[in-house]
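The block underneath contains the structure these notes are about, expressed in structure tokens.
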Amino acid sequence: MRSSYRVPERAARRRFNARAARAVHVAYPAAHHGQRGSGVKGHAARASLWLAAALMLAGWSQPTFAATLDGAFLSALWGLPFAGVLLSIAVFPLVAPAFWHHHFGKVAAAWALAFLAPFALSFGAHAAVGALAHALLDEYIPFIILLTALYTVAGGICVRGNLRGTPRLNTAILALGTLLASVMGTTGAAMLLIRPLLRANDNRRHVTHVVVFFIFLVANVGGSLSPLGDPPLFLGFLEGVSFFWTTTHLALPMLFVSGVLLAGFYALDSYYFHRREEVGSRFLDPTPEGGPFGIDGKINFALLAVVIALVLMSGLWRPEVAFDVFGTHVALQNVVRDVALVGVTLLSLVLTPRAARAGNDFNWAPIEEVAKLFAGIFVTIVPVITMLRAGEAGAFAGLVHLVNEPSGEPRDIMYFWATGLLSSFLDNAPTYLVFFNLAGGDAQTLMTSGATTLAAISAGAVFMGANTYIGNAPNFMVKAIAQSRGVRMPSFFAYLAWSGTVLVPLFVVTGWLFFRH
């Protein structure tokens, strides 16, 4: 392994990394109880000051301390800290729940340090600073700003009155969320609908399956029909894939998967609903019926539209102005977007009636958990993504041989599974880019003669984000919100059992039906 961070690259890989870096600069990022009322505003204001300070740092011109790291020179051992983060998320809540509850942020930080310290010793302090700057400024900060904005805005929309969580109503909410996910993004749709769904079912004994299928459908599968639905498709749009290409080419796989899931959910929910003592006494209902149906915090619908517009703007507006921060190029449109999103977050806190947030039992615990854990994930994932981008020259060269025939022809079903399984544990946006480029990287060719290959990559990245809690940002958010409302959610491994039982067989059939070429 070389001791210099600046390493030679082949011309083809230079083009590969340039395309990936240009697309990842996009803005649509790669998702302890607080106080209500004025306390919420104060907490958010302090958080916004930290975010604003980071954005100001992005505006300072700095010397370039880091060049593109060539994954061909990295050992697979550099992926151990990332594996450590995943194992910590999976194991600690089971074996040491009290310790994990109080110290999960410190554990994530320790794994990040376990990567950065040896990396600095091997490649130099400047290289480590460059890697950290890239992880934070190019990926983590935009990611957490967007999630915070969506969490705050959606958390200010409160449905008054009590819907009754029948199988028919629950299925209708899941179907609505699945459709909305391609319009407002999986995170936006999930944050908008999870609280009304939980309120509708708060008098039932079995609610876990409702939230699990919500993650499957609303937080993942539903985002497959437009570039606004999920970050990987947005990156494909920026690479030249037509806006409605995914709508036409993923419609059948999406309808098949969502249709089977909705039918399966309705059958399972009906089984539970008609069991004795499934529904508690109406006198013990935490949100009893009474009062007219209505919505508080309607201003947040307008703010939600602003969030969507800002994300789309950052992909379409290209002023060709960027700031260099320790080797990471921070594009002007991304800075504008992130500053505006912080403003939207503050506006939501100021303009939303206090009763709306109180009605949602709004607190900062879910976003705090996501922010701390994903900080560790985004830092430790850097070498893993870099090795994947190295293609045949990297530690994961076997993947390249797996997805292509010896003649170079793509194996569509292997692209579907390779993209999907990696997207289950890695950030699905850069994973999509890796396989997009392995398949040739030319959008026009992939949309025509390579249409089934591109569809396989797209479907794998979006659908299989549902396989784990960390496969897509809203998964963890939904889990945290449900737990804060008293729902007993599956552990990391128990959730894998759910997805392995329900999703994996469904994806086997999906791959055979649509991508078996």
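All positions are counted from 1 along the displayed chain.
Placement of Cβ uses the backbone N, Cα and C atoms for every residue, glycine included.
Predicted automatically and left uncurated, TrEMBL annotations should be read as such.
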Per TrEMBL, the transmembrane segment among 20-43, 140-163 spans residues 140-163
Which listed stretch (108-133, 140-163, 330-352, 415-439) has the most C-beta pairs under 8 A with the transmembrane segment (451-472)?
415-439
At least three Cβ pairs under 8 Å linking the transmembrane segment (243-268) and the transmembrane segment (108-133), pairs spaced 6 or more in sequence?
no
Cβ contacts the transmembrane segment (373-403)/the transmembrane segment (169-194), at least three under 8 Å, sequence gap 6 or more
no
The transmembrane segment (299-318) and the transmembrane segment (330-352): do they have three or more Cβ pairs under 8 Å, with pairs 6 or more apart in sequence?
yes
At a C-beta cut-off of under 8 Å, are there same-chain residues at least 6 beyond the transmembrane segment (299-318) that contact it? List them, or none.
26-28, 146, 149-150, 153-154, 156-157, 184-185, 188, 192, 227-228, 234, 237-238, 333-334, 336-337, 340-341, 344, 347-348, 351-352
